[in-house]
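As C-alpha cells, the structure follows; a few thoughts come after it.
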Amino acid sequence: MNYTLSTVSSATMYNSSSNITTIATTIISTILSTISTNQNNVTTPSTYENTTTISNYTTAYNTTYYSDDYDDYEVSIVDIPHCDDGVDTTSFGLITLYSTIFFLGLFGNIIVLTVLRKYKIKTIQDMFLLNLTLSDLIFVLVFPFNLYDSIAKQWSLGDCLCKFKAMFYFVGFYNSMSFITLMSIDRYLAVVHPVKSMPIRTKRYGIVLSMVVWIVSTIESFPIMLFYETKKVYGITYCHVFYNDNAKIWKLFINFEINIFGMIIPLTILLYCYYKILNTLKTSQTKNKKAIKMVFLIVICSVLFLLPFSVTVFVSSLYLLNVFSGCMALRFVNLAVHVAEIVSLCHCFINPLIYAFCSREFTKKLLRLRTTSSAGSISIG
C-alpha cells in the first residue's frame, strides 16, 4: 500500500475536506458549550474542592493543600487561598463527550490497523501510518481513566496507574507529532527529491526511525510522569501533577519541553516541507491539484487539533512566572488548558480520516476487506 499524494481524487478530497472540517467544527463547538455550561454552574465553595483532570497545570501548585492527618504540604507559588479552578469534570455532558471520542477513536484506529495487517506493511509510509495509529490508540487509552475519574469523582486506582495515565497521554502526544512530521518528510522527499531519496525511503529505515521515535517520546514523557501522583485533599483522592516550591524550575522545563519538542520543532519542519512541496507541484508540468488539497488538509488538521494545547501550556508558564495572577486568571488558564486538551484528544479519531479514508487506495482495500468479511472468508495476518 503506497499512500502517495497522487492517490486521492479531487472530488474525494473535496468531500473529505468538507466532512472533516464540519466534524472538527461540531466537536469544538460541543466542547466549548459543555465547558461553558459547567463554568456558569460552578459556585465558589467554602472549602477548596479540586475537580481537575490531567489538564490541571496550575491549580495544584497555586494552592496550599492539607491532608487528612493534618500533615500539611506546601505546594503554593502564588498565595491564592481557596481559589477554585472553575472546571467541573464530573458533568454528564463531559462524560458523554469522553465516551463518544473514546468509541470513535477506538473504532477508527482498529479499522486502520485491520487493513494494514491484512494487506501487510510494504512502504515506509505504511510503517509511519501504522505507528501513528498505535500512537492514537495510546491516546484512546487515556479516556477510560478520565471516564472513571469523572464518574467516581475521585481516584482510587493507585499511584502506579496514575503515573501511567500521564505517560499514555504524553507518549501519545509526542508520538503523534513525530510521526506526522516523519510522514511529511517522506512526502517532501517523494515529491521534491523522488530519485535521490529512493535508497532511504525503505521499510527498513521506517522501522529504525519508528523505534527511535518511541524511545525519545518515552524519555520526553518521563519527567512529568514523575510528578504525577495521588494525594488526598479534603478527604478526596486526586490523581494529577503536584509541584512543590522547589520544583518550579521542573514545571517550567516541562512546559517548554512540550512546546519545543511537541510543537515548535515539528511545526517548523511541517511548514518547510509543505512549502517546498507546493513550490515543486506548482512549477511541475503535471500540476497535481489533488496533492495540494491533501497537503493543506494535513497542515490545517494538525494545527487545529494540537497547536491549542501547546499554546495554553505556554500561557500557564506565563502564569507561573507571575506575568499575570489572580483567581480569574487562574480559572481562565485552567479552562483554556482543559478545552485544548480535549481538542487534542479528538485528533485520535480524525487522523484515520486524514491519512487513510482520504486515500482512494485505502478505501478500495477497506471495501475489499468488508466484502471478504461478509463472505466469511477473511484472514487477518
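All residue numbers here begin at 1 and follow the chain in the order shown.
Backbone N, Cα and C define each Cβ position, glycine as well.
As annotated in Swiss-Prot, N-linked glycosylation site applies, among Asn15, Asn131, to Asn15. Topology note: Gly206 and Lys282 share a membrane side (same topological domain name in Swiss-Prot). Here the transmembrane segment (166-186) lies next to the transmembrane segment (295-315) in space: the count of CB pairs under 8 Å, restricted to residues six or more apart, reaches at least 3. The stretch in closest packing with the transmembrane segment (295-315), judged by the count of Cβ pairs under 8 Å and taken from 127-147, 207-227, 252-272, is 252-272. Summarising model confidence by region, the topological domain 'Cytoplasmic' (273-294) averages a pLDDT of 72.
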